[in-house]
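The structure under discussion appears below in the form of structure tokens.
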């Protein structure tokens, strides 16, 4: 495994192919824990992981906390409704409170883009050793979700060796609300870095044509792209055309809470044009894995029958894989010195 160089994890645009391989390899080793019966490792014993979630979350928060506990870390969970934020305390002061209590890792989720980066930069300026892991910020990024989706696909294509090479040359369709999705943005960086060609599909209001250039240049403030030869990224409007020849498809939740009024005329029409079902997938000619980062609007992004068919979709695998992926990230970030014995 190559040396880990990321002090904070804020965005997958900074990841090299070797970084993806390091995370997936470690996650694959951690995923063997339930099989061997070993429920905990002493790797992060004595470390404190604090989950600072300023947005509601079920899967991500629970997954991070379970991951930390399986590595024997102590966990402190922050809730805005019962915190001093309601008394006027700033977000930075809240974070510093956890740093003062000895937090080694802050997992931060916030509705505003850039908050995890701002906290990381503030801690760097004062020389704190605490590191920040982005648990999802605004429309910007959701690194751990992008990584677990990548791992789920690699696991499907090569169960015994689920590494980035399993994605090279694959055709992956992402359909739905790309505009409002931090998950989609993280997946675009991850999938193209591993050599997959990505086809985006949806109405122009949710998949602007400009997304075809999303990975063409590094983000502002980043000098260069750590991946020299990314996969292709294209936008296709017709879902049947997009699915023809696809190796996998991911459908995204319609984030109605982030939409302006009248962005969609009808949910029924959306499902008819862009929803997934057993019937729609027949255009693929061969079975392909169906992913969804959750939560699912049943009967909108995916038919109820397809969602209930665990042989056709990988939704539960995504949830399951969140734990070893987040264990890998916490282990790498905390620079644990305990040897692994899986």
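Placed from the backbone N, Cα and C atoms, the Cβ positions cover glycine too.
Carbamoyl phosphate binding, as stated in Swiss-Prot, involves 59, 60, 142, 145, 294, 295; the candidate among 29, 96, 109, 111 given for that site is 109.
Of all the binding-site residues listed here (59, 109, 142, 253), the one with the fewest other CB atoms within 10 A of its own CB is 59.
Once Cβ contacts within 10 Å are tallied over all protein chains shown, the binding-site residues 294, 295 are led by 294. Counted over every protein chain shown, other Cβ atoms within 10 Å are most numerous around 145 among the binding-site residues 60, 145, 182. In space, 142 is the closest of the binding-site residues 59, 60, 109, 142, 145 to residue 182 (L-aspartate binding site), judged by Cα positions.
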